[in-house]
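Enquirer: Below is one structure. I have some questions about it.
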Amino acid sequence: MRFSLAWKLLFLILTCKIETQVKCLKFDFPGFNVSNELELIRDNSYIVFGAIQVTPDVTGGPGGTIANQAGRALYKKPFRLWSKHKSATFNTTFVINISNKTDPGGEGLAFVLTPEETAPQNSSGMWLGMVNERTNRNNESRIVSVEFDTRKSHSDDLDGNHVALNVNNINSVVQESLSGRGIKIDSGLDLTAHVRYDGKNLSVYVSRNLDVFEQRNLVFSRAIDLSAYLPETVYVGFTASTSNFTELNCVRSWSFEGLKIDGDGNMLWLWITIPIVFIVGIGAFLGALYLRSRSKAGETNPDIEAELDNCAANPQKFKLRELKRATGNFGAENKLGQGGFGMVFKGKWQGRDIAVKRVSEKSHQGKQEFIAEITTIGNLNHRNLVKLLGWCYERKEYLLVYEYMPNGSLDKYLFLEDKSRSNLTWETRKNIITGLSQALEYLHNGCEKRILHRDIKASNVMLDSDFNAKLGDFGLARMIQQSEMTHHSTKEIAGTPGYMAPETFLNGRATVETDVYAFGVLMLEVVSGKKPSYVLVKDNQNNYNNSIVNWLWELYRNGTITDAADPGMGNLFDKEEMKSVLLLGLACCHPNPNQRPSMKTVLKVLTGETSPPDVPTERPAFVWPAMPPSFSDIDYSLTGSQINSLTELTGR
């Protein structure tokens with residue numbers, strides 16, 4: 001960094017109008033696990049079974065009971081709601097699941113904004129963990145909530161099945177029953193809720209599916225100035241309660257996005273900032289000299305440091321000596337496996353097990369693969385994605401640190417020579433497939449920028465201690481933007497042979513459809529226990545026909561598709577259920593990319609929301625260019641500069 005940059009920054013500060021700064025507070029929990037406890041403030045609430053139990057379940061409550069409990073779970077970082085001249089806006093969407101344990105159940109759950117981290121004493125029962133008999137109707141309570149009430153506890157309640165807006169009070173400002181909408185809050189079914197505040201009006205939407213934003217799902221909209229009831233800074237989260245009437249109050253997923261007000265500008269701020277900028281400029285200059293001297297010694301790479309410092313995803317930076325100590329200096333006894341990009345070692349850091357990937361010096365694009373992993377998954381949080389904990393670059397060593405997966409990669413369980421040793425039951429395999437579909441659907445549709453994995457295969461699927469699947473190895477992954485342009489040609493083909501869609505060899509393009517194809521091959525692998533290059537007939541056939549896909553289509557044509565079942569399952573499976581999964585896998589492997597289902601459709605089939613797509617008994621011929629889809633679609637693609645080479649077909 002040069003002095004001129006500091007002077008330019010100083011000039012901008014002096015000439016710009018000093019205004020209130022606004023930042024975006026944004027987080028997304030597609031599901032919950034124990035590691036998320038560090039991101040929440042919990043008061044008598046727990047993370048169990050992939051959800052926040054806002055009031056304890058049977059095993060978690062004081063004295064082993066769920067009666068007469070109040071609980072609270074808040075996001076750890078406070079949200080600045082307003083300042084002298086500005087009011088924040090926010091949107092939040094969450095999936096709740098409330099199931100009664102008595103008949104009727106009680107009492108309810110609420111989304112809240114409050115400065116208080118804990119529920120008031122004696123706030124169980126009708127008080128929903130928000131207020132108690134003493135603080136009810138008291139402006140010092142400082143709480144605004146959207147309640148999902150499951151019991152008519154007082155005369156003002158419409159019924160025991162309504163949504164309401166409450167301000168410092170258990171008696172509602174506005175309430176609407178859901179009974180006329182065919183929705184029962186404590187049915188034990190997932191409900192999706194969306195709360196929107198535009199600075200003037202608060203609107204609430206509720207639906208039994210994910211299409212909550214449709215206007216018909218609007219429950220109520222109410223004009224309210226939140227700054228009149230709440231302090232400048234609040235927490236957002238959930239509160240719930242039970243009485244002698246009990247229920248389980250679960251939050252299964254939660255996302256929040258809002259404009260966070262940082263405060264009002266003034267001249268004091270200006271005069272404090274000017275000398276700081278000057279000092280920072282000098283420090284940056286000296287720092288640049290230091291980094292350059294270290295770079296010459298081969299210890300760091302300023303280009304990599306700068307690129308990672310500027311990206312939104314910025315996981316922890318480790319020291320090389322820390323990782324050497326954690327892995328026993330990368331000792332052979334700690335080696336977990338080896339893949340196309342390098343070796344993986346088990347380590348111990350701050351009392352927890354970690355996995356450290358040491359990117360191979362022979363990987364000619366090691367820097368690109370290294371940066372790709374950090375920039376794509378560094379800030380993703382999904383229960384079916386391997387969590388990236390941090391990175392290190394020192395002395396020409398590229399190192400990535402992940403959460404440790406005790407059961408290793410999926411391929412070592414699928415491709416056992418002695419099938420009788422397999423411990424992957426049909427239920428376990430189904431859960432693996434469903435978990436991976438959730439991960440891929442999240443990458444394609446749930447992120448701010450769509451992410452293509454481009455290397456989906458069994459060796460890139462990791463298993464935790466309960467055999468839950470997590471997709472990993474994002475060395476080839478890329479973030480892409482929507483574009484009205486057609487696909488760009490690429491210089492090289494990316495992926496692993498056997499998992500690559502046929503059109504890839506002709507156009508060299510990576511798309512969501514090529515990801516779906518690879519996922520289809522993986523589905524067939526998981527069910528059959530066969531590798532993608534499995535050959536049934538040992539004659540001279542071409543690569544297109546010599547594959548697990550062709551073998552499955554032959555079985556389907558002969559009416560014996562369930563014969564593909566891995567002998568390791570010992571015929572302990574539902575044939576119709578397996579047939580449905582195999583047909584879905586074949587649909588994903590359709591030669592025409594425009595005929596493959598989206599991951600959203602795949603997930604709906606796996607969760608029983610819809611039937612598998614129609615699959616022809618004869619495998620369609622591969623024709624290029626493919627027949628266009630029957631609808632207009634927005635194109636997602638990668639440019640040539642974003643392509644890497646093929647990866648080796650080996651496990652970690």
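Here the Cβ of each residue, glycine as well, is placed from N, Cα and C on the backbone.
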Enquirer: In Swiss-Prot, which of these is labelled N-linked glycosylation site: Asn122, Asn407, Asn558?
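Expert: Per Swiss-Prot, the residue annotated as N-linked glycosylation site is Asn122.
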Enquirer: I want to check the contact list for Asn122 (N-linked glycosylation site): same chain, sequence separation of six or more, C-beta distance under 8 angstroms. What comes out?
Expert: Asn132, Glu133
Enquirer: Using C-alpha atoms only, work out the spacing between Asn91 (N-linked glycosylation site) and Val344 (ATP binding site) and round it to an integer in Å.
Expert: 40
Enquirer: Any idea what DSSP makes of Asn33 (N-linked glycosylation site), helix, strand or coil?
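Expert: In the DSSP reduction, Asn33 (N-linked glycosylation site) maps to coil.
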Enquirer: Non-local Cβ contacts of Asn33 (N-linked glycosylation site) (under 8 Å, 6 or more apart, same chain)?
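Expert: Spatial neighbours, sequence-distant, of Asn33 (N-linked glycosylation site): Ile47, Gly50, Arg383.
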Enquirer: What is the interatomic distance between the Cα atoms of Asn100 (N-linked glycosylation site) and Leu336 (ATP binding site), given in whole Å?
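Expert: The separation of the Cα atoms works out to 46 Å.
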Enquirer: Would you kindly give the Cα-Cα distance separating Asn139 (N-linked glycosylation site) and Gln338 (ATP binding site), rounded to the nearest Å?
Expert: 62
